[in-house]
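Trainee: For D5, S6, Y37, G38, N70, T71, T184, H185, the entry in TrEMBL reads substrate binding site. Taken from TrEMBL, the feature active site, proton donor/acceptor applies to C69, C183.
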Amino acid sequence: MLLFDSGIGGLSVLREVTRALPQAPLVYAADTAGFPYGVKSEMEVATRVSAWLGRLAERLRPSLVVIACNTASVIALAHVRAVLDVGVVGTVPAIKPAAEASVSRVIGVLGTPSTVRQPYVDALSARFAADCTVLRHGSSALVALAEAHLRGEATADADYRAALEGLLMQPGGDAMDVVVLACTHFPLVAERLAAVAPRPLRFVDGAAGIARRTAHLLAGRHWPAPGGHRAIATGAVPGLERYAPALKAFGLPPFEVF
Ligand code: DGL
């Protein structure tokens, strides 16, 4: 199975997929040469994601492709599905479970700037959270923080607080009780966000749902033993080796450049 993200965010999805399918061999691919996606135009993201997934799928022949990135999924999922001849699972903002969990009926969507402006998010809000106020904030700083955190660098509480305040300071933000982590990087720093929140907030993301879907689609397949995973980077960006300890913690070898 191939899991794809712009960087290391997809590891939050990989963690749940590994729990659901511990024997399945995984290739984790990060588009390090194209990172970050959240500040790119829709056209740039759609072109990169389709091109890279086409190349990777042709070379690796995965049993399933998981786009472990909200930005890539909300922009390019339909297109990728149309061009690949393998099943594709996407990651979309977990607005449905957030609306189900909210008592105050005010929920926040924290994603990349690109994700939070997509019509896909309007459609999910209208369908699943019509009786909620849905606040949105796009933070590319939080994506960079998650990357730094996984490289083992020190990151400041104030920067996590600033990302949350992007929601809390909006009109209605004082009543918000559930926050959708609508970027796969963000669950990797959920504890840091929770620690700086001015009151208990519930954070939800889509990783467990993706793992259930993946397990369903691959039901009946058997793999001899766990292991045989790979981690692929699309570009030899400086500092790539500093991700090795984090990759190891997720059961992956260091990045190899594709
Ligand atoms: N992890 C990605 C997401 O879920 C995007 C991060 C980025 O490249 O900006 O949206």
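Glycine is no exception: its Cβ is also placed from the backbone N, Cα and C atoms.
Tell me about the surroundings of these features in the structure.
Mentor: With a cut-off of 8 Å between CB atoms and residues at least 6 apart in sequence, the same chain places S6, Y37, G38, V45, G111, T112, S114, T115, C183 near T71 (substrate binding site), listed in sequence order.
For C69 (active site, proton donor/acceptor), applying a Cβ distance below 8 Å and a minimum sequence separation of six or more within one chain yields F4, D5, S6, G9, G10, Y37, T91, C183, T184.
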Trainee: Give me the long-range Cβ neighbours of H185 (substrate binding site): same chain, 6+ apart, Cβ under 8 Å, in sequence order.
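Mentor: G7, I8, G9, S12, L142, V143, A146, E147 - these are the non-local Cβ neighbours of H185 (substrate binding site), listed in sequence order.
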Trainee: If you count Cβ atoms within 10 Å of the Cβ of C183 (active site, proton donor/acceptor), leaving out that atom itself, what do you get?
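Mentor: Total other Cβ atoms inside 10 Å, all chains included: 34.
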